[in-house]
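Enquirer: Dumping what TrEMBL says about this protein:
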DOMAIN    49-298  domain 'G-protein coupled receptors family 1 profile'
TRANSMEM  33-59  transmembrane segment
TRANSMEM  66-89  transmembrane segment
TRANSMEM  109-128  transmembrane segment
TRANSMEM  148-172  transmembrane segment
TRANSMEM  207-234  transmembrane segment
TRANSMEM  246-269  transmembrane segment
TRANSMEM  281-300  transmembrane segment
Amino acid sequence: MPCEGCMERDNVSTGATMEFVLLGFSELLHLRVLLFLIFLTVHLVTLTGNMMIFMAVVMEPSRPPMLFFLCQLSAIELCYTLVIVPKALLSLAAADGSTISLLGCAAQMHLFVALGGAECFLLAAMAYDRYVAICQPLRYAALLSEGLCLRLALTCGLAAFAVALGLTAAVFHLPFCQSRRIDHFFCDVPAVLHLACTQSYTPELPLLAACVLLLLLPFLLILASYVCIAAALLRIASPVGRGKAFSTCISQLAITLLHYGCATFIYIRPKSSYSPARDKVVSLVYTNVTPLMYPLIYGLRSKEIRGILRKMLRRKKIAQVN
């Protein structure tokens, strides 16, 4: 039996003709201009930082595996912010929120989940890179060949794309209630599920399956890698050597904890505990703050990135002189 107050599922009310309204931060109208300027500044800094790292690594003729993964991570973050932030800025510019078509909402959700999932898999690949570098340094070049890195990168993207496609199809197959107002600044999965006219927990099963594949599985791989790294560090007699080895992991470990902490809080919980205001605050962290931290942390802490950027600046100065 169709649920009361649900949208009609016909050619007139679906597809590009049906629209949702992204409310964004409509409850904070008095802070709209300030929020717009803050988001725009963070967005531009994030784009600039990730673009600099991406271009620096691409222009480097010899790229070790960690730099290769970092280049892919910067590319993901560039796409990630471009999928979310422009629409969020548009919702701030409009007093009553911005509209988005059903197809546009589905595309945004799919890209967001796919890029976020690819990032989770990539963090697992980077943790494996640190494991090999610390626990099996003599076999590093053999175990992490260029071909293996390319296959890992391709697998990360394709696996995340497939899981995101299944989740998006499952979410938008549901009947939605008459309210088309999404209390969020983008088409996040919990916010859209909140509009579904269902009383059971069945619609949440695809989200749970996606969380297991995109969050739990990579997290277990990362955890296993760092347990082995910790065991190897304890066997290092020299405190200087132990500190040097640990410093190569601390940046990625901090980013991983922040990324997984926010994602776990948002997605691994029942629909009944959905809180729009709280979710928007947490979403701001992993859609704006985390992408900004990647170029800051990796760019400042990585000697390779600093060296490449210095070479780029020297080349620019020489070209200007000539």
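Cβ atoms here come from the backbone N, Cα and C positions, even for glycine.
If you look at the structure here, what lies around each of the features I listed?
Expert: In the predicted structure, the domain 'G-protein coupled receptors family 1 profile' (49-298) carries a mean pLDDT of 84.
Note on the transmembrane segment (66-89): residues 22, 24, 36, 39-40, 43, 46-47, 50-51, 53-54, 57-58, 60, 98, 100, 108, 111-112, 115-116, 118-119, 122, 125-126, 129-130, 133, 146, 149, 153, 156, 185-186, 287-288, 291, 294-295, 298, 302, 304-305 of its chain, located 6 or more positions outside it, place their CB under 8 angstroms from a CB of the stretch.
Sequence-distant contacts of the transmembrane segment (109-128) (same chain, at least 6 residues past either end, Cβ-Cβ under 8 Å): 66, 69-70, 72-73, 76-77, 79-80, 83-84, 152-153, 155-157, 159-161, 163-165, 167-168, 171, 186-189, 192, 210, 213-215, 218-219, 221-222, 225-226, 252, 255-256, 259-260, 263.
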Enquirer: Residues sitting near the transmembrane segment (281-300): Cβ under 8 Å, six or more positions beyond its termini, same chain?
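Expert: Sequence-remote neighbours of the transmembrane segment (281-300) are 39, 42-43, 45-46, 49-50, 52-53, 70, 73-74, 77, 80-81, 84-85, 88, 184-186, 188, 251, 254-255, 258-259, 262-263, 265-266, 306, 309.
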